[in-house]
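Participant: Shown below is the structure under consideration.
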Amino acid sequence: MARDMSDNDILKMELEQLQKEVKNTREPVSKTAKEICEWVEAQAAEDPLIKGVPEDKNPFKEKGGCIIT
Amino acid sequence: MGEMEQMKKEAEALKTQIEAARKAAHDTDMASAASGVAPAPRVQLKTRRTLKGHLAKIYAMHWCTDNRLMVSASQDGKLLIWDSHTGNKVNAVPLKSSWVMTCAYAPSGNLVASGGLDNMCTVYNLKTPVIKTVKELDAHTGYLSCARFLSDTEVLTASGDTTCALWDLETGKQKTVFLNHVGDCMCLSLSPDMNSFVSGACDSLAKLWDIRDGQCKQTFLGHTSDINAISFYPGGNAIITGSDDCTCKMYDLRADQELITYQDAALNSGVTSLALSMSGRLIFAGYDDFNCNIWDSLKGEKVGVLSGHDNRVSCTGVPPDGMCVCTGSWDSFLKIWN
């Protein structure tokens, strides 16, 4: 736990992590952001909270009203 | 002294290098990438259910994978299992410690878990004739802020002791401890492929972890206060965070940087919780000011608000089929909206 660690140990841990992360590859935002948009747009058509839930298919529609038997 | 100065210098140099690499990858911004996307429609959701039953502040809720049952946790010392379709309570689980901060439903629907200021994660079996405590996961030295089941045999936890942990439910022991944050861990979210998770902490950082090798792979900077809420984007390539700095942010995992900040000059309350609609297009963010604001995740604009609670919105959740959003509040009620 970071609480039990000395300032020296915490600094060492942070340094080791930075040494690892500096090696990460990073893809250009032009590619990654475009793919995020495309994925979301493809799914959004079927997203119930965007397209709305028809009253007769809504399991959460308000209860109440009378049933005539 | 000399050694520490040396390490600080090296750390600063590495941070500068990483910052430069991120800048190099930043050849455009999300606003440009999303310029061709039609704005999301104005979202007006109605309260369909108000679930009354808790007697004190609600701190957490979690949907079952069946899209119908959900578990909520309150400092009245109970977990309640609700049938969201009927609004009825299906089960009540009395807690040994009422200082609960998190609850979770196992994907199988067989188990639920809770934890909080007792520093433990307690797992309950809902399917035995009488609900039984299956395990008390006791090793964290700080409060339990979040728990999530990977299966009926593995649980991930986040703790105020600055670590996250993967537990084996058969032995009750920690298999892996994820140590790299220097502030209380407040939240976690599992990746869709279940191979990694992200955590948010009071050190203002979000971190991506590999579940199997226990390593922190990436660290996301930008927030200026505690990160209270975090969620993987459904596609798995981005994460959304919510913070006491009153903003939410989207971080792109492959570009390794922040893409958008969701903020409004009029908003000066911390973000307590967040949930995404099924496509990821909408972010439902709960705030200390009693509202849940709805953001268009691609355009960065506010497209709606859920008002109705009389106190802080402490938790939000969208079921896997995306058919509604649930908000839970310190006013002791849960509301279901669509």
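Backbone N, Cα and C define each Cβ position, glycine as well.
Annotation comment: TrEMBL describes B:51-92, B:137-177, B:178-219, B:220-261, B:306-338 as repeat 'WD'.
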Participant: From the DSSP assignment alone, can you count helix, strand and coil residues within the repeat 'WD' (B:220-261)?
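Facilitator: Helix, strand and coil residues of the repeat 'WD' (B:220-261) number 0 helix, 23 strand, 19 coil.
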Participant: Where DSSP helix means H, G or I and strand means E or B, what are the helix, strand and coil counts for the repeat 'WD' (B:137-177)?
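Facilitator: Computed counts for the repeat 'WD' (B:137-177) are 0 helix, 25 strand, 16 coil.
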Participant: Which one, B:137-177, B:178-219, B:306-338, has the most C-beta pairs under 8 Å toward the repeat 'WD' (B:51-92)?
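Facilitator: Between the stretches B:137-177, B:178-219, B:306-338, B:306-338 has the largest tally.
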Participant: Across the whole of the repeat 'WD' (B:306-338), what does the mean pLDDT come to? Round it, please.
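Facilitator: Mean per-residue confidence for the repeat 'WD' (B:306-338): 96 out of 100.
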